[in-house]
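Structure first, commentary second.
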């Protein structure tokens, strides 16, 4: 090959490379535009939701376009987002997966979960391109926001853990509380003589052995038990804070509720010791009392109780954010976390009690907790 042909070939290759590079950059830029994103008929539904959100119109005049939230800007995740997006072309022009809003709603949950997983994987990189903990003035936020953002920083949570349903409607989450509770009740009276500890299935009223009544919480432990005339006679142990003896907790300073006592019943407990807790700067009494419980209200199958509590967490607490593991917070922190979010769910008061105590019993500061 002559020298001139080699030069021409080199220039041709360089030109072809430049054309490919330029074309790729143009394609990447074009497919990042909101106009391109909403050009498919199936995107008219999420477009309408976005246009009604604060990410489209707000008092500061800042708008988050589709790619601002859905396309990370770092190389690897950027490339992955573009490759994965090819499936949308396939489903639009080949399978017609989302021909109308009914089909879109049928697939909303799976699509939302896929986006949440992607954002979790990138540590909410697209959110953080606009929102930064370093730039937040927490004191100017609402009290609930201050509390949750502080906890998020301390426990390394990511934005999408809590902030779902911001620009698009949340999917319907299938929930059947009654069925789950009914399934749990099947484990009532599930114990035998070799079981050392029994557990209260739900909040229920029991008789004091010395007369009177008490209310046991879900997961309340019954020890040194025996059956008497179709009932279970057992000892309940716990701690009372001096001055607030109506509530019995599982541990000193750890507010995992075990039982509620009336004024007369408080006088009938057996006092083991009184200890000053430096953390709460208060005195605590270690106590015990004997109760008679219906055998169908207790079980030795703590795994069934844990499964019920975990199901409540996964079902109700993942509507706005990814379900948070029990070991994410301390036992006492979980009280505030659950209380701040319970009104956004369809949980009953019994469900709230059960999921709170489940999370507390498996919290990061509870010895022997299983996660």
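Using the three backbone atoms N, Cα and C, a Cβ is placed for every residue, glycine included.
When other Cβ atoms within 10 Å of the Cβ of residue 37 (heme 1 binding site) are tallied across all protein chains shown, the result is 20. DSSP classifies residue 37 (heme 1 binding site) as helix under the three-state reduction. Among the features that TrEMBL reports, heme 1 binding site is placed at 37, 40, 41.
The heme 2 binding site annotation in TrEMBL covers 66, 69, 70. DSSP assigns residue 69 (heme 2 binding site) to a helix in the three-state reduction.
There are 12 other Cβ atoms within 10 Å of the Cβ belonging to residue 131 (heme 3 binding site). Here TrEMBL flags 127, 130, 131 as heme 3 binding site.
TrEMBL lists 159, 162, 163 with the feature heme 4 binding site. Look at residue 162 (heme 4 binding site): DSSP puts it in coil.
Residue 317 (heme 5 binding site) is surrounded by 21 other CB atoms, counting those within 10 A of its CB over all protein chains shown. TrEMBL lists 317, 320, 321 with the feature heme 5 binding site.
As annotated by TrEMBL, domain 'NapC/NirT cytochrome c N-terminal' applies to 3-173. Note on the domain 'NapC/NirT cytochrome c N-terminal' (3-173): mean pLDDT across this stretch is 83.
Nearest Cα neighbour of residue 70 (heme 2 binding site) among the listed binding-site residues (37, 41, 131): 37. Taking CA atoms as the reference points, residue 130 (heme 3 binding site) and residue 37 (heme 1 binding site) are 21 Å apart. Within its own chain, residue 41 (heme 1 binding site) has 92 as residues 6 or more apart in sequence whose C-beta sits under 8 angstroms from its own. Non-local neighbourhood of residue 127 (heme 3 binding site): 69, 119, 159, 160, 163, each in the same chain, at least six residues away, with C-beta under 8 Å from its C-beta.
Note: the CA-CA distance between residue 40 (heme 1 binding site) and residue 317 (heme 5 binding site) rounds to 33 Å.
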